[in-house]
């Protein structure tokens, strides 16, 4: 299986399955001298890990990360950073009834057709359990970006089902289990999740991820445009079915006179482009939105087929999220941070000596 690595200069490779012994990743390209301990990654891992609230899957994993290499006396050495998280709460028996079934909406059928064999326990490699290592690697990138360049990457839940937020208060995001920036919508989210759990169903969501204090110049035209790579990294997250940069699909109804981000000596007047122009960062906030589908791991009976070519009914047992968008918030942050880290190192390598007299706004 290829496709387990993302990035060019800051490269992240993950491995492991949902019910395997452990998950792991290798980070190549992290500059030396960055102070780093397991604690630096644990905060974001705790935000993502299962079993932390009544609104998410009750699989209980400590998700305690171990640094295997690349760090000496609390500092990165510039060599490969090896990270490992052990799986401790697998309940593979929950999946024994579906080992020959293809769950609709999941990767069971496509994995089986592509490889001729699949790990049916919790989805194996296709499970969102894999994203724990992305979050760990993303925490390294987030620390470097913030500590060395003052870049901050944050995300929040902006919509669940038909319930949309009306305002953004960054102080509220960590005050509730939904990563919701609008305190007035928390009860509505709570009511929706309770209803879904009672019905055995699930719902989709929309997340917004923002990077602030990003310098001008990140991005490599034409095929490695920053927005193209941001879309690629966010689209690689499990259950993501759509990505918007800036105003996204709203531009369809906008006019050029409305959409263009006019400039003054004091700065840009608007940010419809989401902080990226011509595939290169403009110095404004980078803003992206992702749409996540409702999980198909539900107890509502559904029609499917077996690997032996028989018709069957499927009811997914096990422990699952009624809305995968909740725990995807730190994952979205991680993927944007990894992409920005990679492009920052690439920009530094090629353009560190570029001098321009053009004022920065």
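For all residues, glycine too, the Cβ spot is worked out from N, Cα and C.
Residue ranges 38-58, 59-79 are listed, and Swiss-Prot annotates 38-58 among them as region 'Disordered'. Long-range contacts of the compositional bias 'Basic and acidic residues' (38-49) within the same chain: residues 61-67, 83, 85, 131-132, 135-136, 138-140, 142-143, 179, 327, 329-331, 333-334, each at least 6 residues beyond the stretch ends and with a Cβ under 8 Å from a Cβ of the stretch.
In the structure as shown, the Cβ atom of residue 125 (FMN binding site) sits within 10 Å of 19 other Cβ atoms. The most densely surrounded of the binding-site residues 48, 293, judged by C-beta neighbours within 10 angstroms, is 48. Counting other Cβ atoms within 10 Å of each Cβ, the binding-site residues 127, 295 show the lowest value at 127.
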